[in-house]
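For reference, Swiss-Prot has these:
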type     : residues                                                        : note
ACT_SITE : H189                                                            : active site, proton acceptor
BINDING  : G11, A12, A13, G14, Q15, I16, G17, N107, Q114, V131, G132, N133 : NAD(+) binding site
BINDING  : R94, R100, N133, R164                                           : substrate binding site
Amino acid sequence: MKAPVRVAVTGAAGQIGYALLFRIASGEMLGKDQPVILQLLELPIEKAQAALKGVMMELEDCAFPLLAGMVGTDDAEVAFKDVDVALLVGSRPRGPGMERKDLLLANAEIFTAQGAALNKVAKRDVKVLVVGNPANTNAYIAMKSAPDLDPKNFTAMLRLDHNRALSQLSAKLGKPVAGIEKLAVWGNHSPTMYPDYRFATADGASIGDAINDQEWNASTFIPTVGKRGAAIIEARGLSSAASAANAAIDHIRDWVLGTSGKWVTMGVPSDGSYGIPEGVMFGFPVTTENGKYTIVKDLPIDDFSQKYIDKTLAELEEERSGVAHLLG
């Protein structure tokens with residue numbers, strides 16, 4: 001049996017946490033031969049800690065062969081101690097009458113503290129995925145608050161947008177998602193992100209050629225993917241939790257186990273590719289191998305695409321400047 005991997009999950013008793021933990025413990029994220037120790041963080045309030053205890057009781061009752069241990073805590077330094085993987089799911093949701101900038105600042109406080117705790121106690125090669133929104137900027141804040149860790153250790157989740165786009169293309173083409181490759185999603189995990197199928201193929205044939213409908217792309221596909229989260233809240237009365245948890249599992253599994261040359265989308269600190277300023281946490285097409293991701297380079301960006309990329313970048317820059325004063 002392999003040595004256990006330590007996985008931290010914040011917001012562990014929340015909706016996404018509940019949809020996530022059982023799948024991690026069953027081996028869906030890191031492999032069916034990889035034991036895990038779950039290190040679970042919840043808010044230091046009685047109700048949250050009681051809920052966390054209940055979730056841990058359920059995890060015990062599953063008797064997962066791969067679950068080698070569990071810790072439940074309200075202290076980030078306990079939750080992040082020696083972790084190999086950290087899923088930062090917990091964030092402050094937007095309350096009634098709350099402006100986006102208030103939301104940014106409330107979350108900046110959380111992710112500054114979590115970045116500092118990771119910096120202090122996590123493994124030096126920890127893989128961090130920020131799921132809690134605004135995910136890109138929260139990941140940027142955590143990264144900036146962990147000066148001793150490699151910035152490449154920090155990522156934001158755009159896999160939900162990627163998977164949503166895959167599913168829309170599959171429905172449009174009447175072809176299974178499994179055959180679709182080379183899809184890209186650029187930018188922020190927000191309605192400004194740009195799902196781009198110009199390079200994508202279904203069973204090896206160009207999707208752009210098969211659809212050949214720029215009107216559908218601009219007025220149906222892009223807005224449907226961008227506003228899917230809102231559509232789910234409208235229908236379900238709750239935000240997408242199971243699909244977000246599924247995307248988090250996909251993101252970490254691919255980062256750790258590799259994509260065998262296939263493109264996936266990750267929010268990563270820019271290296272200057274495609275004119276995105278260095279350090280901006282931006283969605284790019286990537287491939288992964290041996291626990292490292294590589295941005296897919298030198299794709300042609302046409303005027304239509306550039307307009308969308310500029311728009312999502314402008315939003316990220318605005319978010320970044322809104323929290324700059326907190327990061328020194």
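We count from 1, first residue shown onward.
Glycine too: its Cβ is placed from the backbone N, Cα and C atoms.
The structure, with features from Swiss-Prot marked on it.
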residue : record                       : DSSP class
G11     : NAD(+) binding site          : coil
G17     : NAD(+) binding site          : helix
R100    : substrate binding site       : helix
Q114    : NAD(+) binding site          : helix
G132    : NAD(+) binding site          : coil
R164    : substrate binding site       : helix
H189    : active site, proton acceptor : coil
*Roughly how many Å separate the Cα of G132 (NAD(+) binding site) from that of R94 (substrate binding site), to the nearest whole number?*
11
*Near R94 (substrate binding site), which residues of its chain come within a Cβ-Cβ distance under 8 Å, counting only those 6 or more away in sequence?*
R100, L103
*Could you say which of the recorded positions R100, R164, H189 has its Cβ with the most other Cβ atoms inside 10 Å?*
H189
*Would you list, in sequence order, the recorded positions among N133, R164, H189 whose CA lies within 10 Å of the CA of G17 (NAD(+) binding site)?*
none
*Residue from G11, A13, Q15, Q114, H189 whose C-alpha is spatially nearest that of N133 (substrate binding site), among the recorded positions*: H189
_Can you tell me the CA-to-CA distance separating A13 (NAD(+) binding site) and H189 (active site, proton acceptor), as a whole number of Å?_
23
*Could you tell me the C-alpha distance between G11 (NAD(+) binding site) and the residue listed as 'active site, proton acceptor' in angstrom, no decimals?*
19
